[in-house]
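Here is the structure we will look at, set down as structure tokens.
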Amino acid sequence: MSVNELYTQRTRVWIADSEDVWKPAEITKDYKEGEPILHLRQEDETPLEYRIGPKDPLPFLRNPDILVGENDLTALSYLHEPAVLHNLKVRFLESNHIYTYCGIVLVAINPYEQLAIYGEEVINAYSGQNMGDMDPHIFAVAEEAYKQMARDERNQSIIVSGESGAGKTVSAKYAMRFFATVGGSAGNTNVEEKVLASSPIMEAIGNAKTTRNDNSSRFGKYIQIGFDRQYHIIGANMRTYLLEKSRVVFQAEDERNYHIFYQLCACASLPEFKDLALCNAEDFIYTSFGENIFIEGVNDAVDFEKTKEAFTLLGVKENMQSSIIKIIAAILHLGNVEICSERDGDSCHVLGEDRHLKHFCRLLGVELEQMEHWLCHRKLVTSSETYVKNMSCKQASNARDALAKHIYAHMFDWIVEHVNKALHTTAKQRSFIVFSCCLFFMQHVFKLEQEEYMKEQIPWTLIDFYDNQPCIDLIEAKLGILDLLDEECRVPKGTDENWCQKLYGKHSGSAHFQKPRMSNTSFIIIHFADKVEYQCEGFLEKNRDTVYEEQINILKASKFQMVADLFLEKKESSSSTPGSKTSRINVRSAKTVPKTPNKEHRKTVGHQFRSSLQLLMETLNATTPHYVRCIKPNDEKMSFVFDSKRAVQQLRACGVLETIRISAAGYPSRWTYQDFFNRYRVLMKRADMTNSDKKLVCRNLLATLIKDEDKFQFGKTKIFFRAGQVAYLEKLRADKFRSACIKIQKTVRGWLQRLRYRKIRRSAVLLQRYGRGYMARRYAEQLRLTRAAVICQKQCRMVRDRRAFLRVRRAVVTIQAYTRGMYTQPPVFLLHHKAMVIQKNVRGWLARKKFRRARDAAVTIQCAVRCMRAKRLTKQLKIDARSAQHLKKLNSGMENKIVQLQRKMDDQSKDLKTQNEQLLSHNNNLGSEVGKLQKELQQVRLRHGDGNQLTSLQEELARLRAELKESHDLNQRQEAEHGSEKLVLTQVSGDSGSGAPGQAESSASQRETDLQKDLDQERLRYQNLLKEFSRMEQRFDNLEEEVRGHRRNPSNVSSLESDSNYPSISTSEVGDAEDAIQMVEDIGVEKAAMDISIFMKLQKRVRELELERKRLQAHIDKMEELAKSKVGVIQSNPFYLYIADLAYNSLKRQELESENKKLKNDLNEMRRTVSDRVSDDSSSNELQESYKLLLTQLKAANEELDMRKEEVLLLRTKIVSGPHIEAEVNNKKPPKDKEEALKAYQEVSESKSFSEDWAHLNEDGELGLAYLGLKEVARVLEAQVQSLSRQHKDELEALHTQIEVLRGDLEKKTEALNHTMSLSPEAQVEYSVQQEITRLTNDNLDLKELVEKLEKNERKLKKQLRIYMKKIQELEVSPVTPVDSRSRPELSRQVTVQRREKDFEGMLEYCKEDEALLLKALIAEIRPSSVSATVPCLPAYILFMCIRHADYVNDDEKVESLLTSTINAIKKVLKKNVNDFEMVSFWLANTSRLLHCLKQYSGDEAFMTQNTGKQNEHCLKNFDLAEYRQVLSDLSIQIYQQLIKVAEGIMQPMIVSAMLESESIPSLSGVKPMGYRNRSSSMDHDGNGPSTYTLGALIRQLGQFHSVMGEHGLDPEIVSQVVRQLFHCINAFTLNNLLLRKDVCSWSTGMQLRYNISQMEEWLRANNLQQSKAAPTLEPIIQAAQLLQVKKKTSQDAEAICALCTALTMQQIVKILNLYTPLNEFEERVTVSFIRNIQSNLQERNDAPTLLVDTKHTFPVLFPYTPSALSLETLHIPASLGLGFLVRV
């Protein structure tokens, strides 16, 4: 392409700027080659004439907007400095992305703010992903290194570089966190925690505040992490390079010393640090040079506690920590030692009684006099003599500072060594991950570029790149700068000036060395980044770093061992073998150890630097490097502020631009053939579009578009472009779209104008027509109105005049008539009127008088008649009252009720007596049991010592079991409370009427929702506890396997006999406390202390007593209610029951009083006995609680007796209601009222006895006989009524049951019909065929069972026939022989066979020896396919039928053994098939079905409501397996969790590819954004990378899961919960991937995603899973897809987005808006102001500060009770299972 084609109008360019480095501009006029002026327009619309010349080349071209914000800088079409700087700035400021790829380098910009992008969910999202698949991140680089280590088995290194404050330490910390999370540790060593814990220690002793960074690392660090073959962390190692020792004694302004000094001073006031004699950091010279001892936002005291905790975690003992603290404090005191000069100036001395020197010597344990002497003197050794020479004050101060630096450096090395020992492992380390703060290698960048070209088989030429080796040789080669510096240090009187002159003479000809013009004591080195001028003053002294040997010898003689070891260690190590040098590197800082102690303190700093650098280069050359370049955006440490000048300086210095240059020199832009075809097919011809060979089409297109063949190359899978070619193609594509848009706009605008003209013309014609018509109609209307007005006027005038005439005429006639009449007639009419008034009044008075007379007569007659009738009725009532027939009628049925009441009272007294005896016996038994157990427990506590690890784990398991049981009980109570509250709310809502039904329903629904949430949370907590229990159980199994080979004594043999991890639950009623105590005596006390079954039996015995108490209390309550109801009936009819009360109450009164007194005495005696036993056994709290329960029962019984006494008193008061009957019989008159009757009875009672009263009442005997006859008749009638009532009730229940069954069948058929009608015709046919196949299959199975039964009956009949034939033949042959002796055995055998087949009760019998064979056939070796054609959950039914038989024969050992072995066998099978979804689903269905069977046939009324009569007959008779039901429930939860884990593991690789990457809508493939440059090392070398999954594959996988669970008979509720959990997994992984990938945040992806979600919802509807709550779990990803598609410009759009995205958090919404990528130039990016508007609108939400969705979240599972309609006696066992040893009973 020529310049004329590139620099055209509207092309955007970059021009240099003094403030922003580069600023954008736009060309306003086409440029032709050779013109001196380029016409530009800046962003502020200011025109600019840009001069072009030899020294001023054309400006850099800008990339298209679609490429701005790319994740990889090398993916830019124009690769130059302004493009790189602008891309980084846009990503950092607008999108808040701090990471960007630059080829193989990760550029990290320090945000100076804590970001929520380093959580564990982010680590999980990046784990397993390729480097280019997700957004740039430090975790992506760490995952790349981890993956290459695992794949290539080669050591890896991550090289983190950058200037101070750029974030190197934090980046390395996050990378270590990634490895600690992903790799973990191989065992329980917690190596990853120790690796992370080493950071606080190294930051405290090696980091300090500088002017650019508050936490700057002042040493080079190399952390080495070791992995085993399973890629778990097994060890770590740390090397340090060139600690800045000078910072110990001097700091620049506004800087600090190392953090540890200030941390120690901040804690100086603590009691444990009083002996250190420390004070404020401002009072010490070594910590106050910088004049600022504080860091904003940092608490040194808190950091010191973290440092101590890290020391403890790494195994540094307390005494060692104390020694380290003393050494640090001693260094501070050493800096405050004041040295004064003598008068001569050549000598000096320490001030007398210097307290800091005393503290220094005391803390280090050295002699004060010697240290005071050798601080001011030094020893000179010659060949013949030794001299002691005085030092000047300056020399002594330098020596003091050198000693402080030397002590700190040795302490630093000692700490590093012990950190390495804590991280060291003895295992063989096969692979390593390495971090370092080091150099940048251009060779590796060049190597990777060439490898990519070779892989694609394209021709390449050698690319020239900058080599920094000459500059390195200048510094460290022979006779280089460092070599000459060491040489000058060895000269006796060497000076800095002499060394500088040697440099001028030796290196003045070097291209990288320059001499300043105005100075003779400095020199300039031209580094890779820039020129650096060095001042020679002080170089020799700093390089020598002299420490006098006399001072070191004093420290070696310290009385503290650690201080002495600090300086003796190197001496000892120098005498070790040469082979120990390599191992020493792993546990020490990287410093070369001298051979002699004299040279140790004279080794120069330059020598140390070269040795460290050489060792580092050797290590890094043996690894595969990965690069992280940290950039400091500004010097003010402000969050998200980008200083272009500072950034470009670092980009130039660190080599990022050189990497860009190397990429630009080759082919930086790479496209696959398919992506290129999809992007640029708009530039192709229509004939090329039909060609199936995409490579040929791309070749033809490029041949026509780009004439220069060197601008592109065709590889095997990609097309490679030179820099700028993609921008040129984008320009052609934009021009094509622009011309097409112009043509479309032209056509549409012309069509719109024509359409508008036609519309206007039609409107004008229509208006004219209607206007003319309106004018004509208005004129005609005017004419009509004028004519009508004239006519109306005429008629109105005529009517008016006529009316006036007629009115006058009528008035005249009327006047004439009245006048003539008055003059002709006399005044008679007045008299007539008065007479009429008088007549009216008289006639009214007469009528009223007549009415009153008639009314009085009627009232008198009525009174007489009523009086006569009343007299007659009274007479008749008196006659009837005196008749015996009336008395018989009144007493009909009363005798039977009285006898029943008497019978109930007798039964109550007997029950009370029985209860007292039972309570006494239970009390005695429990007292003996408790006494024995107390003795045995005391013996166990005396004998049993501290337990081993197995015992502690058993105790922990017991504790977990108790917690599980408590949690289960709490769950049950909450469910019961929820049910009762729900019932109450339902009743309240029903009773509230029509007043406020809506409010009651809403409140009830709200409360029910809250209760349901609480129940779900409690259930989730319980299931998490169960998960923890499973983990502890597995750990217990592992430990049990480890100790299985140990010696076993008789006391611990039985604890390992059973494989069950659950307590031995005895199900026999004879397993009481005596058996438990006898078991203790048999197996030994030591074993009994550990055996859980004994305590479980005792607990069961206590529970049995509690149940017995409840049963007795319920019986008493029932009897009390019955008695009260009877008394109420009697009270309601007092006048009809007086005679019966007299007869019954008088006979029973005295008997009840005596019985109550006796019972009361017995209860008092029992209470005293129990109180004595409680006082004797007060040592046991549990026994006291048991006795308190018994006392409570006794008190309840006593209260019951008091109630009986009150009842007797009540009966006594009832007797007084009878004497009025006697008075009525004797006097023949009824009593006036009840008071008179009571008074009469009292008088009779005083004079006569009850027997006399009864005899007098029944003196003729007829009344007694009649009463007895009526009593018998009443009994017979009542019995008949009761039998008829029971029969009617049974028939009614049967009819209700039949109605419910028919109603259920009708609902099922209606639902099936509705479902069939809602389907398409093809689906209806398929559904009907499936239903017919199912029906035929069921009929076929029924017919098979019928055929088998008929065949069996046929065989029986044939056998019977043969037997009879044989008997007949025997009778014919020998008729004399008796038949009985021969026929009886045959007959008995025949009867046995018939009975077994005829009376099959759904039980299976097996021998105890066949239990292992049964479990092997049903659990261990069974495959789901082998029983697929039979009844679902067949193994569960067979196992339950075996349990039923064991229950039938009352064999508790058999039941316990079978259930325990079944649970263990299921666990073993699941452990063996841990990743087999079909097997896990199969056993989840069978375990839940076995649990349902145990509930359905348990005999509990709550589980029997849906049973048939036959199923109720099959209930368990002897054992209560409630505790095993809980064990099976826990096992079901564990299997469910395993099922979810297996399903998620299968689906996880498919989710992202199917939901985000597959093209379900082919039309959207043309706008797919361009892909990123994935590193070739990220992919598999064989090219067989991870397969691409489509949405159809994911839906098929879900369908397979659903069909498998359905085939195995899993409950639909559980299937719904599984589907809901899987849909949550799909939502979580899809949304997390969307939030971490910029390439999928586009409009087309939103459209594609919404379509995919609709397909998932359609799958739910097709499988009738709408009610599974799975669809709401997809709401976040649905809203994310809608967010990608909606408008994002105005404030109204922001409000709409806030109202739409309710399921997304604010962080997620902002992240998606930041990642949104336009696909074309015509789309607009989301502006920063719009995002800020969104954030301000969402501030009120208070969302959790989380970005990603928790992929490990699990919903609480609920196993609803689902009874089976299958009858056990109809079950058929296939012969293929090999269960012939089972016998049908």
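Placement of Cβ uses the backbone N, Cα and C atoms for every residue, glycine included.
Predicted automatically and left uncurated, TrEMBL annotations should be read as such.
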Listed range which TrEMBL flags as region 'Actin-binding', given the options 291-313, 613-635, 636-658: 613-635
Correct range for coiled coil (source TrEMBL, candidates 227-257, 1095-1125, 1591-1621): 1095-1125
Same-chain residues at least 6 beyond the ends of the region 'Actin-binding' (613-635) whose Cβ lies under 8 Å from its Cβ atoms: 88, 92, 102, 104-112, 138, 141, 144-145, 148, 152, 154-168, 171, 175, 212, 220, 222, 241, 432, 434, 436, 438, 440-441, 444, 476, 585, 590, 641-643, 646-647, 650-651, 654-656, 1577
Three-state composition of the region 'Actin-binding' (613-635), taking helix and strand from DSSP: 9 helix, 8 strand, 6 coil
Within the domain 'Myosin N-terminal SH3-like' (8-57), residues counted as helix, strand or coil by DSSP: 0 helix, 24 strand, 26 coil
The domain 'Myosin motor' (68-734) [mean pLDDT, rounded to integer]: 80
